[in-house]
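Student: Positions annotated as active site by TrEMBL: His436, Ser438, His578, Ser580. Summarising the annotation, TrEMBL assigns domain 'ZU5' to 313-446, 447-588. Marked as domain 'Death' by TrEMBL: 780-865.
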Amino acid sequence: TQKMAELLGLGDECGEGTSGAPALAGSCLADNRLNLDVYPDGCRWFLQLFEGRRGEVVQVEFLRLSSNDRLLGTTLGILPHLKHLKSLVLKGGHARDEFGSCQHGSLTSLPPDVGNLRCLTHLDLSFNSLSTLPSCILHLPGLRVLLVSHNRLVALPEDFGSLSKLTFFSAMKNQLKDLPQSIGELAALQDLDLSENALEYLPKEVGNLHNCTELDLSGNRLLSIPDSLANLKSLRRLHLHSNLLVTVPASLASLPNLSRLDLQNNCLRAVPPEIQTSPFVRLRGNPLGETEPSPQADESSARGIRRLFLASGEDSFTVTSEGCKVVLACGIHFYFPPGAASDPLQIYFRTLAPDPQWVKLRHHDVLLSRVLELQPHGVKFQQEVQIWMPYAFPQTLHQREVVVRTFSGQSWSDLRTRVEQKRKSKKHVAHCSVLHFSWFLIVSRLVQNECKVPTEGTLLFSSVDPNIKVTFPPGVTEETRSVKLQVLPVSAEEIEEMTADAGCRASPLLCLSQDSLVDFLRPVRIQLPLPPGVTGLNLDRSRLHLLRGDLEGQTWDDITSQVVLEFTHLYAVFEVTHFSWYWLWYTTKTYIGGIAKKVYERLRMYQVNFIALQRKKDPEQVLLQCVPKHKVDPVLKKLQDRYRGPEPSDMVEMFEGEQFFAAFERGISIDMDRPDCVDGRLSFIFYSHLKNMKEIYVTSPVDRKGQAVKGQVSFYRGAVPESIPEDASRRRKGPDSLWLATLPIKLPRLKPRWGENPGPLNGFSFPPLNLGNAETGYLTQANLLSIARRVGADWQTVGLNLGLTYQQIERIGYNNREDLDKQILDMLFSWAQQNLEDPDCVSKLITAMKESGRQDIADEVETIIELGRQKYRESIRRVGLEQESSTEDSAIAMM
């Protein structure tokens, strides 16, 4: 005990009693379950509990720990003492790196004595660093569920088939190249997931898995599949998409229980008629009927090149030496020319929400897209890969340019970009070419003119304002250097509004930068137009000020007396050796540097309003949005048919990429477990051309049966972004300065209804449901009850559009006459029971709601399943535990 206490740094507080075990960990020990994976120091709590309450800990049957924990190694040595353990979860992925990716756990092996846990039936080692399967696993005779997804396994043991009771095995996202023949000995196996590996062939013994109902082999490198798969008479779903298949056995069409065969995105040029005509077969993304592509084919002539069209749930595809064209569901296009990849290469992609912590925008940049991540990073293609990315067209941003920006892992750089507009859809896309994959996004920046300055000197003009030019005389540099010029036009109206001085005028802002830290050897000559309304004839030199700002715009120095200013009728000319911001002002003010600093800050800010609207048919669903001032009226007009609420907030100012929070107050609350919830507040990031909108359900702890709840939602600033002028930062300090706006939210008085408690009512019971599948998202019993609350008198129209017959509708109405709630419930659950096995039932429900004029319910269902898809993509296919029976041999359902 004392040794353990020293290891944990507890000193004398550990003792022999329970004082060393914190109340937090003790509260997690209940019903023979110990869930410590959500705590950063979960292993520490486990070790303390083991020392202080050993008698209880050794009786634990369900244990969850994070393998990202630094004390994992010490904890593993105690696991063999838990003789009653039935379920063990040692997952990584709880921590994330700076790019938002899940960090794999440190687990590389298990102690041999883990093989003595005779009661263990469920083992989850996902998101770890296993390169081989720990040998002790093969000594677990009762193991039924094994998950080793997201590891580094390259092979499975030859005697893997000794796990005779295994019913579920997932090894998705590893590096498996082949399978042992003994895999055919897993006679009890029902669900096998080997997706996103490097499998090139399958042993014929796979055909011995007679109890297998779902087999996922997608995202591998399979050229063919054995005929023995036709022996899997229990198979319901077979996923073979995103492989290199050129043919498939016709016998697959004869599998009696098969309801889905996914062959999308392969190299199939001919498919047996029995398969091609089957309604449950998916064949998109195959070059069916196309000729072999010519090795010299390019983008304009590659008529035979393979085309891949990926669905919204897919996150990878395979590129071969033949090349391909790929279209993602989000509208991003790729062109891989023949020879770009010498060997088959699996490409992974995902879009990420931009995080200001690592998406560093420069001054006056505007973000126009989410972040696209393409993997593998660092692999060099033999030829350039072309990418087309759609973006939000900046209609209000003039005299700017759109570029694709890429992240190398250390810094961002801009790519040569061509902007195009699709003829049919009229959407704008940014087109670039790359040799490496990494992270990509689209920004609108100030137009950038650049040139190389040789020893002989040169001349650089601004394409935004040709009156601005920079002359480099001979001998200005010893070595050639690159120079960039950017111009920010500022209207006279803007200057007058920001300074509240009708006599103030300013020229366009000029920014000069170079790739060298050494000043120029000879002065560089700069020409700037005089401020509007000022000419050489009416010029009062005492009112003219030349300002120089640092590259961050935080200090502006009046350098009028330090340079020689020459004037023509329209221009001011001066010479400098140092590059930075330059700004010409015409005013009677004396301390012009402070005024310029405030104006520069305002030029970077956006005037916005907050809106908080409630659905007319469901006031508990609240839409929050931060809208630039000029978009408020169009947005409200678009939403007015389905939402109602208070007038928008007063106008406030925000920076591009600034964080803010929404807090529900005065008797209204939200789900605190949301991933975007920080200390009870919803987190937002403001980007002027992306949607800063969230729609959530709110609740109230107040009893609403007697009266309505008059609450509110308040908006607060978050952390001050980096590189904001000091004055702006100072104004935001203190609790009062963080508040932005408050809008009222009213939840009406509730009528007593069945929807309050999802359980039996007057003899009506709700059967357990799990509609859909992992690809389309799941709808549960609770989701269906929530939907039923909103259907109302439209239930008959909804039922008919769902496919129920008139006779069924009439019978439901008669059996539950004078009770509208029961009619709706009976209709929905009757349809659900009839469609339990239909993988497309969720999409049919959405379509039926739209056809019935209930777009609000369709949107709700889509929100539910999209959340499910996100959880599925970020973790393994199953993310929960449920004991199927109370007997010792019960099967543990996977998460």
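Note that Cβ sites are derived from N, Cα and C of the backbone, with glycine treated the same way.
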Student: Give the sequence-ordered list of residues that share a chain with His436 (active site), lie 6 or more positions from it, and have CB atoms under 8 Å from its CB.
Tutor: His377, Gly378, Val379, Lys380, Phe381
Student: How does the model score the domain 'ZU5' (313-446) in terms of mean pLDDT?
Tutor: 88
Student: Taking the Cβ of His578 (active site) as the reference point, list residues of the same chain whose Cβ is under 8 angstroms away and which are at least six residues distant in sequence.
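Tutor: Long-range Cβ contacts: Asp519.
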Student: Near Ser580 (active site), which residues of its chain come within a Cβ-Cβ distance under 8 Å, counting only those 6 or more away in sequence?
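Tutor: The list for Ser580 (active site) reads Cys511, Leu512, Arg548, Gly549, Asp550, Leu551, given in order along the sequence.
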Student: Note down the number of other Cβ atoms within 10 Å of the Cβ of Ser438 (active site), including every protein chain shown.
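Tutor: Excluding its own Cβ, Ser438 (active site) sees 16 Cβ atoms within 10 Å.
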Student: Mind checking how the domain 'ZU5' (313-446) divides into helix, strand and coil residues in DSSP?
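Tutor: The domain 'ZU5' (313-446) comes out at 0 helix, 63 strand, 71 coil.
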Student: Quick check on the domain 'ZU5' (447-588): DSSP residue counts for helix, strand, coil, in that order please.
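Tutor: Secondary-structure breakdown of the domain 'ZU5' (447-588): 14 helix, 59 strand, 69 coil.
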Student: Can you break down the domain 'Death' (780-865) into helix, strand and coil residue counts using DSSP?
Tutor: 68 helix, 1 strand, 17 coil
